[in-house]
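Heads up: the structure comes next, in structure tokens.
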């Protein structure tokens, strides 16, 4: 059975020691879905939001968040990310925005948390910019889509 790597033999939370691990290329993809009204989504897509370009702001927020994950999540290592992408896709038929993030590096630990943080903060930024026009926006399905590299190997999430 797999054990929790962040818990020591006394049951205390600890940062994992990665000093003896080999450096490998690691990559992770994550997503979040933001559901809103048809009117709010149209305002964003048509560039009519009074706060400016919602997608550009959310993209930059997601990239910044990935780079600062280690400051937000207590046991994450500071990482030298080599690539961060945040893509936002309006899904007009369902009144949603699909946010997909990619983080990559050559290092001793994975980038799943960075990818998840990027997608989450991009979604939160959309909410923040749109809350004046709609309070009941829903952020959902924040999940890891894929990861590769490292000891645990390749993971691909099942389709939803």
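Every residue gets a Cβ built from N, Cα and C, even glycine.
Quick look at what Swiss-Prot lists:
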ACT_SITE  128  active site
BINDING   75, 76, 77, 113, 114  substrate binding site
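Note: the CA-CA distance between residue 113 (substrate binding site) and residue 128 (active site) rounds to 22 Å.
Neighbour density around each Cβ, counted as other Cβ atoms within 10 Å, peaks among the recorded positions 114, 128 at 114. Applying an 8 A CB threshold to same-chain residues 6+ apart, the list for residue 77 (substrate binding site) reads 15, 16, 18, 70, 108, 109. Cα separation, residue 76 (substrate binding site) to the residue listed as 'active site', rounded: 26 Å. Most Cβ neighbours within 10 Å, among the binding-site residues 75, 113: 113 holds that distinction in the structure as shown. Residue environment of residue 76 (substrate binding site) contains 20 other Cβ atoms, counted within 10 Å of its Cβ in all protein chains. Annotated substrate site 75, 76, 77, 113, 114; additional same-chain residues within 8 Å of its Cβ mean position, judged by their own Cβ, are 69, 70, 73, 79, 109. Secondary structure at residue 76 (substrate binding site), taken from DSSP and collapsed to helix, strand or coil, is coil. In the three-state DSSP scheme, residue 128 (active site) falls into the helix class. The two recorded residues, residue 128 (active site) and residue 114 (substrate binding site), show a Cα separation of 21 Å.
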